[in-house]
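Peer 1: Below is the structure I would like to discuss, written out as structure tokens.
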Amino acid sequence: MSEEIKKVEEVAEEKAPEVPTTEPPTETPAPAVEEAPKAEEGAAEAAAPAAAEGEAAAAPEEKKKSGGVARRFTFNKRWGKHRDAEAAAPKEPEAPKDPKEDILGWIAQQIPQAVHKANFQVIDWVQKTAIAEEGDRKVIPGKDQATTRNQFLGFFKDGEMLNKLANALEPGAVEVAVAEENADAAAQKEVQKKNIDAFGAWAQKTLGTESAPVTSDDLLEKGKAGYSAVFQTLWQLGVQAKDKFDKEGFNVDTIVQLANSVVKSGLLNTILGFFRRNRQAAASVEEPKDDAAAAEGAGEAAKEEGAAGEVADTADEPVAVKQETSAPAAVAAN
């Protein structure tokens with residue numbers, strides 16, 4: 001028995017686990033100092049996309065400042081706020097120019113009809129001064145004593161009238177060139193250039209200008225752009241004719257009054273035309289109503305006439321009366 005007990009004890013000793021003599025390991029929490037860098041790294045990672053977005057948003061602003069594609073397109077300063085500011089700002093009316101001192105400024109302030117009146121008066125003075133015999137004078141172009149700019153330039157285009165004016169104010173001042181008989185257009189144009197340039201040189205000496213106040217290009221090449229030079233030269237000669245040549249010049253006050261009368265009549269015509277257009281528009285609106293009423297009245301009158309006609313026709317027609325007779329009476333009558 002003792003041996004069996006020993007075997008059992010040996011088996012139990014072999015199978016029984018040993019009791020641990022040390023304590024099991026425990027998880028120690030991470031130190032707080034190490035988590036701080038991790039938090040900073042997370043904040044840096046979160047801030048990186050925000051910074052990228054900020055740079056992307058700032059890029060268009062830089063383009064806007066530098067005038068890139070992202071800049072908002074505007075037409076000019078007259079649009080938007082600038083336009084409203086200009087419209088709100090009161091504009092002082094420009095003072096009227098004195099034609100004796102600044103003829104071109106005075107011309108610029110006039111309406112076209114007033115300028116046409118001035119053109120006619122200048123041509124009339126040139127002709128009366130240059131040509132003594134009335135029968136030898138040309139007919140001034142224009143209607144109702146009004147000459148357009150093109151007509152004004154065309155009148156002096158060949159230079160002949162200009163040279164006659166210079167020689168009338170100062171005898172022998174300009175030598176007049178004459179084209180040969182049957183000369184072609186090119187030769188005639190060369191003669192015209194000589195005459196115009198000769199008049200320009202004389203006008204430069206007479207008026208004391210630095211250069212020729214009028215050239216052949218002003219009359220032959222520039223078109224309307226040469227009007228100012230030609231008109232101003234003739235105007236100055238007309239104003240100074242009395243002092244320089246003891247010749248009768250034109251009356252500036254008369255020309256100004258004619259121009260002002262044209263302006264006043266133009267305003268009156270504009271106002272009258274406005275009221276006439278309004279009356280015509282009102283009449284055109286009322287005409288359909290009147291036509292409809294007239295048509296309705298005509299229809300009713302036609303109906304009344306038709307009814308009266310029917311009554312008259314039935315009154316004039318003979319009425320057939322049927323007479324019935326009995327057979328015995330007919331036999332007796334026979």
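Every residue, even glycine, has its Cβ placed from backbone N, Cα and C.
On a predicted model such as this, the values are computed, not experimentally measured, just so you know.
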Peer 1: Among 185-234, 285-334, where does TrEMBL put the label region 'Disordered'?
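Peer 2: That would be 285-334, per the region 'Disordered' entry in TrEMBL.
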Peer 1: What does DSSP give as the helix, strand and coil breakdown of the domain 'Calponin-homology (CH)' (99-237)?
Peer 2: 88 helix, 0 strand, 51 coil
